[in-house]
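Asks: I have a structure I would like to understand better, so I am pasting it below and will then ask my questions one at a time.
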Amino acid sequence: MNRLPSSASALACSAHALNLIEKRTLDHEEMKALNREVIEYFKEHVNPGFLEYRKSVTAGGDYGAVEWQAGSLNTLVDTQGQEFIDCLGGFGIFNVGHRNPVVVSAVQNQLAKQPLHSQELLDPLRAMLAKTLAALTPGKLKYSFFCNSGTESVEAALKLAKAYQSPRGKFTFIATSGAFHGKSLGALSATAKSTFRKPFMPLLPGFRHVPFGNIEAMRTALNECKKTGDDVAAVILEPIQGEGGVILPPPGYLTAVRKLCDEFGALMILDEVQTGMGRTGKMFACEHENVQPDILCLAKALGGGVMPIGATIATEEVFSVLFDNPFLHTTTFGGNPLTCAAALATINVLLEQNLPAQAEQKGDMLLDGFRQLAREYPDLVQEARGKGMLMAIEFVDNEIGYNFASEMFRQRVLVAGTLNNAKTIRIEPPLTLTIEQCELVIKAARKALAAMRVSVEEA
């Protein structure tokens, strides 16, 4: 028998949640009750699969620690009052830290004025953010489309490329093996993991994948497409593959791809959703090779870990296909005043505190420590790699990676794997992580590996 809707039940549940939001602290019994509720509601109303996914942070059979609040810029606190150094960074959203006061203040001040735009009148912050990004991004990137997430920014990039290249008879897209560009239908067509793709086949036609970092494979694909009349509209890739396992291409790869795009008349789309906003030691990872894309995708850290926002920035030549009809691609909430306030404040913090340079310095320190551990534990660790504050430790098998995440959780350091490479644990902390916290992370990793070796020897 179908369950009947209950206004009384919905009202009670929402009132209970609002009461929790208003409380600054919870006592021990309230914390325990909240844990039970959250686990039950995830199981019954969100997705029980998420509980199994969080098995590396299982505590006392509770499936996962329940997050309660930020502890400081670089830590978070669970409902048990335990504080964790954040080396996951919400998959790359906390570049300026948790609840950065500059970002929070900007959003609060805008909230006091007007949280969402009317849609009909011109909204000032969208204009100011677009101008700021035009100044900040490399090359001739000039016009911005704002949305709510990384996958939406990729969708916009693909549609822009299609609209620009269709009159030229170019319809094919080339992406790379191991790529992750999102899970909406268009972005998923560029993503390269079968687990995510197969349930939704057939995906959009016209997408080909070549090995990442192999410039000859890219040239061959462009040549073959030209020979068969399947001319390439755009090449889409990440400067560093994040979900693929933090895979760095050979030096000069992006430069060579840019030259091939120019040679074959293809647009270059760079997905910097994870590598952008200072993460790799430059504001944008493409700046390490002074490469200028035709379209740039941003999201994650753009909202300062406070608001969700994505952006697709393109050259005037490409973006002009939307000039005659700006309603060809729009979104209700994209570029709203609250998200734009957060993004403007985030950029201000990144620049004023020179966080990209800090990411390079502290990233080198962390990576040196992880590489030393790889030399000390070759039976467990295959490799440590990365750039700036985007790093990965790859283990010899999947289970060891899971065990490492669990041991780090016991050491009160939060890490997690990557979506496309189960052997790899990602290290992606806030760029505001202190030197002392960097040292604590390395120390925790050493303790975790030592405990794992003992477990292996005793097995």
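Cβ atoms here come from the backbone N, Cα and C positions, even for glycine.
Not measured: the values here are computed from a predicted model.
In case it's useful when we look at the structure, here is the feature table from Swiss-Prot:
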type	residues	note
BINDING	Gly150, Thr151, Gln274, Thr332	pyridoxal 5'-phosphate binding site
MOD_RES	Lys300	N6-(pyridoxal phosphate)lysine
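How buried are the listed features, and what sits near them?
Replies: According to DSSP, Thr151 (pyridoxal 5'-phosphate binding site) is assigned to a helical segment. Cβ neighbours within 10 Å of Thr151 (pyridoxal 5'-phosphate binding site), excluding its own Cβ and spanning all shown chains: 23.
The DSSP secondary structure for Lys300 (N6-(pyridoxal phosphate)lysine) is helix. Within its own chain, Lys300 (N6-(pyridoxal phosphate)lysine) has Gly90, Phe91, Gly92, Ile93, Gly150, Val273, Gln274, Gly276, Met277 as residues 6 or more apart in sequence whose C-beta sits under 8 angstroms from its own.
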Asks: Taking the residues the record says bind pyridoxal 5'-phosphate (Gly150, Thr151, Gln274, Thr332), how far apart in Å are the two Cα atoms that sit farthest from each other?
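Replies: So the binding residues stretch over 24 Å, Cα to Cα.
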Asks: If you draw a 10 Å sphere on the Cβ of Thr332 (pyridoxal 5'-phosphate binding site), how many other Cβ atoms land inside?
Replies: 9
